[in-house]
Amino acid sequence: MLKQRTIKSLVKTVGIGLHSGRKVTLTLRPAPADTGIVFTRVDLPEAVEIHAAASAIGDTRLASVLQKDGARVSTVEHLMSACAGLGVDNLYVDVDAEEIPIMDGSAASFVFLLQSAGMEEQPAAKRFIRVKKAVEVRDGDKLARLEPFFGFKLAFTIDFRHPAVDKTGQTFTIDFADTSYVREIARARTFGFAHEVEALREMGLARGGSLDNAIVLDEHRMLNNEELRYGDEFVRHKILDAIGDLYVIGHPLIASYVAHKSGHGMNNQLLRALLADQEAYEFVTFDKVEEAPVAFLPQAQPAFA
């Protein structure tokens, strides 16, 4: 049986909130089988638990934001991406602010945290959502689509028409049957444009944004002294985000994801469109490990992880 996973021990870190600029303490704890990923705002007078779910995503303008009863947890996508990449099904996430710390702008710090805690299999079958027919959402020339595929594959195209971005790869495809999430995706950093950062700061946002946690571009070039971690880091980060956005559905997807200029909002619309069509998906488990897609096999976990 292909089993669910959680972490072996509690781990904790402190980072900066991208928008508040304040110190945020993040604690990751093991969770029982069939719990899912549960975020808890421990700073509130009465702690609020928010289960990761497509229906719990509210604001998607700047990040994926989980909301419940007026409580928010923002910028969950990088941590969710790391959980997907390492095959973590169940996890308690305690946070003492309304946003997950930005760390270095990638998922690498979260991968390190999870790996430091260790992985533990649980006595319950890992549940997948298998896409049975294509589902697509569009907005002008933007699109996001899920298609039937026995595995997990993503293809993303960006089009920013910026000199520093244009000279890098604009399209990236990854099939986790033979590729490592940790090696090929996890270290790709978020990016933004200097004029947008200034506009956000005037609105009281992006106070924690810096060259230490994002690739920042002016009208012509990259402002960071550090070189790109990948030759096509921009589009790889969009895939990192997409993996996290999709994992909010609560289970690994057995599917192919194709996107052109998609973002957090469109990714969430895609999940909602999938769930709205009961003929488009089914829940599956694998009693025999060897019958599962290669990307999710324990012996191949380093390939996805």
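Backbone N, Cα and C atoms are what each Cβ position is placed from, and that goes for glycine too.
Per Swiss-Prot, active site, proton donor is recorded for His264, and the stated evidence type is sequence analysis. Every protein chain considered, the tally of other Cβ atoms within 10 Å of the Cβ of His264 (active site, proton donor) stands at 23. Taken residue by residue with DSSP, His264 (active site, proton donor) is part of a helix.
As annotated by Swiss-Prot, Zn(2+) binding site applies to His78, His237, Asp241, with the evidence given as sequence analysis. The Cβ of Asp241 (Zn(2+) binding site) has Glu77, His78, Ser81, Thr190, Gly263, His264, Asn267 as same-chain neighbours under 8 Å, each 6 or more residues away in sequence.
Within 8 Å of the Cβ centroid of the Zn(2+) site, not counting the listed residues His78, His237, Asp241, the chain contributes Glu77, Ser81, Ser106, Ala107, Ala188, Thr190, Lys238, Ile239, Leu240, Gly244.
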